[in-house]
Amino acid sequence: MAKTPRAPWKRSNPRKRAGKASRHLSPAQKSAAKARARRAGRRYPNLVDNMRMAAKKTSRKKTSKKPSKAKSAKKSAKKTRKRTAKKTAKSSRKRKASAREKDPRGGLTAAGRKAFARKQGAHLRPGVTKTEAEMTPQEMRRKGSWAVRFYGRAKLPPLVDAKGRPTRHALSAHAWGEPVPKTVAAARRLAAKGERLLARYRRAKG
C-alpha cells in the first residue's frame, strides 16, 4: 500500500536533520515580508516572501564583508607609510647616536666609549696624548701597542677616501695626539714610534 505523504508543516526540519542551526528572520525582515505580501494582494506572507527576505540578508552580509578595492589599496598604502616612517625614524636615531659617539677628528667620544662598554663589555680609555717624557710605563705600553696594532700590520686599510679625505682608521691617530697619516710611509713611522715606546716600557719594567 502506498504511503500517504505528510503535510509540509508536519515534516521535520531538514536543517535540523543535517545538524545545522535554524535561522529566523529579524522583526524588520518579517515586516518587509508582510509588506511584500500585501503588495501582492495576500493577507499573510508565504514561504516565498520569507525566503526572499532571508536571501536579501545573506547577500547584504556577503557584500558588506568584502571591502572595495579602493579601501583595500588605501589601507595598504597607509600601512606601508607607517612602516616606512618607523624605519626612517629608527635609522635617523641610529645615525644621530653614531654621530654623537664618534669624534669627527678621530676616535670615540666619551659617549662612544660608554656605548662600546655597554655593547662589548670592554672598558675603553681615551688615547694617550702626553709627550714621551711625561708618560708612565703603562701609558708607553698602551700607546706603543696601539701604534703597532693600527699602523704596523702587513696590509694597511685605506688611509684616505676617494676624495682624498682621511679615513676613520687614519683619524684615530689624532685621538692619540699624533699627526694623521695620509701615506703608508707616515703610517709606518707611527708604527716605528710604537715599537720604540714598547722597548722603553720593557726596559722600565726590567
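Note: Cβ is positioned from N, Cα and C throughout, glycine not excepted.
Per TrEMBL, compositional bias 'Basic residues' is recorded for 8-23 (among others). Residues 54 of the same chain lie 6 or more positions beyond the ends of the compositional bias 'Basic residues' (8-23) yet place their CB under 8 Å from a CB of it.
Feature annotation from TrEMBL assigns compositional bias 'Basic residues' to 33-42 (among others). Long-range Cβ contacts of the compositional bias 'Basic residues' (33-42) within its own chain (Cβ-Cβ under 8 Å, at least 6 residues beyond either end) map to 25, 49-50, 52-53.
If you look up TrEMBL, you'll see 54-97 (among others) marked as compositional bias 'Basic residues'.
Here TrEMBL flags 101-176 as domain 'DUF6321'.
For 1-140, the entry in TrEMBL reads region 'Disordered'.
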By DSSP assignment, list the helix, strand and coil residue numbers for the compositional bias 'Basic residues' (33-42), in that order.
7 helix, 0 strand, 3 coil
